[in-house]
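Engineer: Relevant sequence annotations retrieved from TrEMBL are reproduced here:
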DOMAIN    51-184  domain 'ArnT-like N-terminal'
DOMAIN    221-293  domain 'DUF1736'
REPEAT    500-533  repeat 'TPR'
REPEAT    534-567  repeat 'TPR'
REPEAT    579-612  repeat 'TPR'
REPEAT    650-683  repeat 'TPR'
TRANSMEM  58-75  transmembrane segment
TRANSMEM  109-129  transmembrane segment
TRANSMEM  141-158  transmembrane segment
TRANSMEM  164-183  transmembrane segment
TRANSMEM  195-218  transmembrane segment
TRANSMEM  284-301  transmembrane segment
TRANSMEM  366-390  transmembrane segment
TRANSMEM  396-416  transmembrane segment
TRANSMEM  423-441  transmembrane segment
Amino acid sequence: SRAIKTNQDLLPETPWTHIFYNDFWGTLLTHSGSHKSYRPLCTLSFRINHALGGMDPWGYHLVNVLLHAAVTGLFTNFSRILFGDGYWTLIAGLLFASHPIHTEAVAGIVGRADVGACLFFLLSLMCYVKHCSTRSSSARAWGWILATGLCAGCSMLWKEQGVTVLAVSAVYDIFVFHGLRMHQIVPALCKRKNLSLFFSIALLTSWGTALLGIRLYWMGNKPPSFSNSDNPAADSDSFLTRTLTFFYLPTKNLWLLLCPDTLSFDWSMDAVPLLKAVGDWRNLHTVAFYAGLLLLAYSSLKGSGGERECNGKAVMNGKQNANGHSCHSETDYKTSEVKSSLSSKEENGVKKHGVQKLPLPSTENIVVLSLSLLVVPFVPATNLFFYVGFVIAERVLYVPSMGFCLLVTVGVRALYVKAQKRFLKNLVFCSTAALIVFYGLKTVVRNGDWQNEEMLYRSGIKVNPAKAWGNLGNVLKSQSKILEAESAYRNALYYRSNMADMLYNLGLLLQENSRFSEALHYYKLAIGSRPTLASAYLNTGIILMNQGKTEEARRTFLKCSEIPDENLKDPHAHKSSVTSCLYNLGKLFHEQGHYEDALMVYKEAIQKMPRQFAPQSLYNMMGEAYMRMSRLPEAEHWYVESLRSKSDHIPAHLTYGKLLALTGRKSEAEKYFVKAIQLDPTKGNCYMHYGKFLLEESRLIEAAEMAKKAAELDNTEFDVVFNAAHMLR
C-alpha cells in the first residue's frame, strides 16, 4: 500500500528526480521517520508500471515473473561455470526456479526489490568472471571490472544487500579461479606474477567502500529506528536475550530454505519467541548450525588430497577428464594462478586468438563459493552491524538461496560419485528429482495463498496470529462483513493487547456503526499505546464534536495539531490526520461564529497540508468564512481554488453559486446549481439550494418543484423538510 498505492513518487505530476531523494515508501531519506530503504531503481520500475497500466496489478505481476525468469536463466548460466554442461547445472537451475521461499519475492509486488537486486547481482558476478578469464591477456578485462562495479551499484540501488556481490566476486577470484587455500592467500598476493589479482581485489574493495560511503552519506549518516513489534529482540534490555536470539535467527532462516513447510507473509512481533535463557532447547539448533557451518567451511578451505570428484566423475590428482573439462587437484593450485593465456591457431593461413576454456573448479572450491553466496548477502539482515526492521523476511532469502541451491547440487553430486552401485546412484538422482518436484508443488500451493489478501492473511494465522487477524479484519471490513471483522480485530488484540493500529481500527469500525461510546474507549486505548497516533485524536474529536462536547473536542483537536512528525514511520499519513484535525477545529470555530479564529486555523492547516491531501473541502470552508465576514473577493478566490483542486466538488458548486447570485451574476449562478444536481441527483440538499435561488428570483412554481424533490430525497433532515414547507407556502 505505502510502496505503490499511496506513494506520491509514482504519480506523473511528481518530478521523477524525487525518487532519488526519497526512500522506498516515498518519505524523504533524511527525515527522522524514514525507513532508510533506498531503492530508487525499484521505485522507478513501479513508476513505469504505473505510467503504462495505472493500478492494474496484472502488469506489476508480469514484470515480477519476467524478472524471476531472467534471474533463473542467469543463475543457471553461472552454474555452468561451476558444473559444466550437464545434469548438475540443470539441477541447480531447477532448484532455484522452483524453491518455495521465492514466492513472497515474486508473487508479492514489493518483493521486486529483491528480484531486481539479484538480477544485477548475477550480472555483476558474471562480468567479474569475464574479467578473470581475460585479465592476463586482454585490455578489455578492465572494462569488465568496470561493468562489475556498475552492475554492483545498480544492484545496491534495487536493494541494499546488492553491494555484497563485490565480496562474493573476491571469493570467486581467490578460491575458484585461482584455486587457493586459506594458507596460500597472503603468499600468493605478495608474488609479482599475481599483481593483477592484487589489483582486482583492491578495485573490488575500493568499489565497495565507495558505494557504502555514498549510501551512508545519502541517508543522512543515521541508521533507521524501528518499533518494538518490528524487531522485538533489538528492543530487549537483556544482552543475553539479544545475543541468543540474534544467533538463533540465521538457523531458523536456513531451516526455511531446507524445509519451507511453514511460510508466512510476516514474521514480526512474537512469531519467533525470544530466547531468554541458555537452557532454551532451540540453542541446540544454534550450536548445531554454527558447528556444521564452520566444519564445512574449514574442510573446504583447508582442502584435501587424494581422490576427489568433479562433475560426477571420480578424479585422482586432477588427471581424469570429466565432462570434457579437466579438474584441478591440490597440486595444480600450488602455482597460485591459473593461466588463461591466448591460444594461437593457424587456420587458412590466418592466426586466430581465443581465450582458453576454463577448467571446472573442484568440489571444495564450489563449496567455498556456495557458502559465500549463502552467507555474505545475508549478513546485512543479521543485526550484526545495525538493527533491521524485521525478525525474518522470506524475500530477503532470495539472493542467499542461490548459495543454498549450489550447496545442495554439489552435495548431491558428491553423494552420486561416492555411491558405488548403480542402484544407489539412481536413488540419489531420483531423490533429487523428487525434491525439485516437491519444491515446485509447494510453490504452486503457496501461490494459492497469494491469490488475494484474505487467503494470504488466513495462511499466516498460525505463525503470527496478532498481525494476521488484524490484517484479516481490515479485509473483512472492506467486504462489509462487519461482525466477522470485529471478531478478527478482537482476536488480534487477544494475542497482543497493546497494538495501537488494531485498537484504532476496532474503534473506527465501532464508530462507523454508531457505537460511539465503545469507539471512544478504544481510541483512548490506542492513544495510550501510541501517543503520536494523530488519526485516533482526529476521530475522538469528531465524536465529541457531534455529541456537543465542543470544549473537549477543541482540546483534542489542538493536542493533535501539536504532535510533531519526527520518528514516525508514515509522516505523510500523520500530516494528513493533523490537517484534518485543523480542518475540523476550524469548522468548530466556524459553527460558533468565531470566523477570525476559523480562518487562522484553516491557514495553519494549509501550511501543514501534505501533497497527497485532498484540499477541496478546506478551501471551500475558507471561502465560507470569508463569505460570512462579507469579504467577497477573498471568498470567491477560495471557492475557485476548491473547484480547481476537484472540479466535481458539490459543496463548492453550491457555495460559489450563492456568491455569484449575491453579486448579481444570476445566469452564471444558476449554471453552478444545475451542475451540482447533475453531479449527484440523489442529494436533496442540491435541490434545496437551487429552490432557494429560484424563490429569490420569484420563479415560484419551479422553486416549489425543487422543494418537493428535496423533501422526498432528504425526508429525515429537519432543515430540508422545513425549508421545503416554507417554499410551498
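Here the Cβ of each residue, glycine as well, is placed from N, Cα and C on the backbone.
Bear in mind that TrEMBL entries carry predicted annotations, made automatically and left uncurated.
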Engineer: How about the transmembrane segment (195-218) and the transmembrane segment (141-158): do they have 3 or more C-beta pairs under 8 A, pairs 6 or more apart in sequence?
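Structural biologist: Contact criterion met.
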Engineer: Would you mind listing the long-range same-chain contacts of the repeat 'TPR' (534-567), meaning Cβ under 8 Å and 6+ residues beyond its ends?
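Structural biologist: Same-chain contacts beyond the ends: 31-33, 225, 500, 503-504, 507-508, 511, 516, 519-520, 523-524, 526-527, 573-575, 577-578, 580-582, 584-585, 588, 592, 604, 608.
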Engineer: Determine which recorded stretch among 109-129, 141-158, 396-416, 423-441 has the most C-beta pairs below 8 angstroms with the transmembrane segment (164-183).
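Structural biologist: When the Cβ pairs under 8 Å are tallied, 109-129 comes out ahead.
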Engineer: Please give the sequence-distant neighbours of the transmembrane segment (109-129): residues at least 6 beyond its ends with Cβ less than 8 Å from one of its Cβ atoms.
Structural biologist: 3-4, 24, 39, 41-42, 45-46, 57, 60-61, 63-64, 67-68, 70-71, 74-75, 77-78, 81, 144-145, 147-149, 151-152, 154-156, 158-159, 161-162, 164-166, 168-169, 172-173, 177, 204, 377, 395-396, 398-399, 402
Engineer: To what whole number does the mean pLDDT across the repeat 'TPR' (500-533) round?
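Structural biologist: The average pLDDT of the model in the repeat 'TPR' (500-533) works out to 95.
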Engineer: Below 8 angstroms Cβ to Cβ, which residues of this chain, lying six or more residues outside the transmembrane segment (141-158), approach it?
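Structural biologist: Here the qualifying positions are 38-42, 113-114, 116-121, 123-125, 127-128, 130-131, 134-135, 165-166, 169, 200, 203-204, 207-208, 211, 215.
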